[in-house]
């Protein structure tokens with residue numbers, strides 16, 4: 001039983017980390033740390049240097065591993081090597097300023113300002129700024145004299161080379177392996193969604209929503225992989241073709257799940273539907289045999305041929321068969337992955353979209369840098385009032401709450417996570433310290449485990465990063481013989497002060513309102529949805545004119561992801577009406593988004609030459625007009641205007657299921673999808 005429980009927990013963790021991307025990243029950071037510690041301990045013993053020098057190498061190795069986020073391996077290697085220069089410059093500046101008392105604090109604030117300001121240069125600028133910050137802080141904290149800079153430079157070099165060695169030798173970029181992992185994760189997410197859809201009476205709507213979201217997020221990860229790699233070099237397909245295959249597999253699985261969810265739970269499935277779902281399950285296995293795939297193809301085709309498309313079960317059967325075909329095509333891609341020549345890649349062409357609006361006004365990184373300078377200045381004063389020896393914790397908190405966020409709500413949320421994570425980490429650290437005592441071997445093991453989980457869970461919730469770093473500090477103090485519960489209590493107070501001044505700076509210095517940001521992101525998403533609707537309707541009515549619907553749909557998905565992220569702080573606010581309103585809006589947009597997927601697929605299908613039945617164009621235009629009116633209603637809602645909803649829609653379904661009223665084909669699928677978009681968005685304007 002314990003083994004089964006462990007397997008289930010591992011499955012849950014695996015599903016939450018498609019392609020094991022977070023696992024590889026956390027493991028690489030941990031191994032970088034271990035390699036740097038081993039090398040630096042050997043160096044410090046041979047050179048007669050203090051252990052603090054080894055600590056700098058370890059910290060730089062962690063920072064180099066975690067902060068370097070360039071899109072391709074070569075760029076990451078270049079950025080990692082460039083880290084040496086800002087690190088040396090920051091250490092030299094700190095060493096020169098240390099003898100001048102409070103001037104070193106002013107220098108620290110200037111370095112923090114610069115570290116945020118350079119984020120305008122993308123991932124490389126962010127990485128260079130972060131390593132400069134940590135290097136300056138280390139020298140300032142230890143009051144290192146200038147003559148020690150060469151030794152610290154060795155530590156920095158060892159840390160950087162350790163990170164580089166781990167990422168190049170132990171965890172190199174393997175595009176083909178990564179693609180196969182992600183496609184395997186797509187099948188796993190699809191299977192989980194299928195399981196939920198067939199157990200409507202046993203699972204809640206929230207579980208079903210979560211599974212559909214997980215499926216969409218996995219598909220977006222594959223799209224991200226395609227942004228970084230040319231599929232033709234790793235697989236037997238071009239990037240454009242792979243994007244289309246993945247899109248088809250995702251959309252058809254969503255549609256199959258929608259029809260299965262909507263079936264009458266009290267009626268038994270017809271034999272054909274049972275066979276079609278069984279065939280789909282075979283294709284969602286990661287390692288089916290050739291014979292099993294042939295059997296699935298025969299079983300699914302026979303079921304689809306006999307399906308009665310005038311019934312919901314018949315439509316579900318045909319849709320499950322199409323989902324099986326889509327995943328079968330992906331199996332062929334991964335099985336026959338050989339790669340093609342550069343000439344073929346050039347012939348296939350690329351579809352890069354560099355059309356971006358030029359920024360206006362003060363650069364966001366400059367605004368954030370000024371906010372950080374104000375916050376850290378106040379934190380320096382207030383932190384030293386609490387503890388002159390530990391005031392830097394307040395400064396670090398005031399700086400770190402601005403990392404990766406810009407709006408007031410996001411900063412408030414991050415500050416809250418940091419305070420709660422620190423308190424929980426102090427409690428856990430005290431309990432662990434009491435249990436472990438002075439046991440260096442075990443303390444080092446716990447320290448390494450904390451590093452791994454801090455980075456593994458950092459993107460899940462900022463709370464976990466803060467929690468494990470605080471426990472790590474408790475273990476580190478215990479290892480150095482300086483553990484004290486009072487010191488950890490001071491950390492809580494300093495963290496609270498740093499968080500509060502960070503929040504105050506976010507609210508009163510170049511304030512970026514969360515609601516305004518959320519409204520802008522929702523409008524961006526609606527722009528993308530209108531683009532998909534327009535292109536898809538045109539494609540259905542004019543066969544062969546689909547444009548690039550797959551790319552448009554992925555842009556729409558990314559826009560929705562940004563809107564969801566912008567809305568998260570509002571879902572934790574003090575006003576219950578606002579919280580519930582944002583949640584309802586997000587649910588409505590997600591339902592509409594999945595129907596927009598179905599609409600896009602209809603457009604892609606119609607582009608292959610499907611004929612439009614007589615009179616169907618009028619029904620399609622009417623459905624598109626209603627969907628457009630619903631989109632306009634959402635725009636008015638987020639702008640604070642009355643959407644003037646004249647009709648209340650009820651029971652907006654998680655999945656759209658209805659008997660066909662016209663001949664099966666792209667037009668019917670388009671009308672159905674547009675009707676669901678209309679219903680979902682109109683429901684939002686009524687209820688929010």
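Including glycine, each Cβ sits where the backbone N, Cα and C put it.
Quick look at what TrEMBL lists:
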{"type": "DOMAIN", "residues": "379-504", "note": "domain 'Integral membrane bound transporter'"}
{"type": "TRANSMEM", "residues": "21-43", "note": "transmembrane segment"}
{"type": "TRANSMEM", "residues": "49-68", "note": "transmembrane segment"}
{"type": "TRANSMEM", "residues": "80-97", "note": "transmembrane segment"}
{"type": "TRANSMEM", "residues": "103-118", "note": "transmembrane segment"}
{"type": "TRANSMEM", "residues": "125-143", "note": "transmembrane segment"}
{"type": "TRANSMEM", "residues": "149-171", "note": "transmembrane segment"}
{"type": "TRANSMEM", "residues": "415-434", "note": "transmembrane segment"}
{"type": "TRANSMEM", "residues": "441-457", "note": "transmembrane segment"}
{"type": "TRANSMEM", "residues": "463-480", "note": "transmembrane segment"}
{"type": "TRANSMEM", "residues": "492-510", "note": "transmembrane segment"}
Can you find at least 3 Cβ pairs under 8 Å between the transmembrane segment (415-434) and the transmembrane segment (463-480), where each pair is 6 or more residues apart in sequence? yes
Residues in the domain 'Integral membrane bound transporter' (379-504) grouped by DSSP into helix, strand and remaining coil: 101 helix, 0 strand, 25 coil
State the non-local partners of the transmembrane segment (463-480) in its own chain: residues 6+ outside its ends, Cβ under 8 Å from one of its Cβ atoms. 417-418, 420-422, 424-426, 428-430, 432-433, 436, 438, 440, 443-444, 446-447, 450-451, 453-455, 457, 487-488, 491
So which residues does the transmembrane segment (149-171) touch in its own chain, when a touch means Cβ under 8 Å and the partner is 6 or more beyond its ends? 24, 27-28, 31-32, 35-36, 39-40, 43, 47, 49, 53-54, 56-61, 63-65, 68, 73, 76-77, 80-81, 83-84, 87-88, 91-92, 95, 135, 138-139
Tell me if the transmembrane segment (21-43) touches the transmembrane segment (125-143). I count contact as 3 or more CB pairs below 8 A, with pairs 6 or more residues apart. no
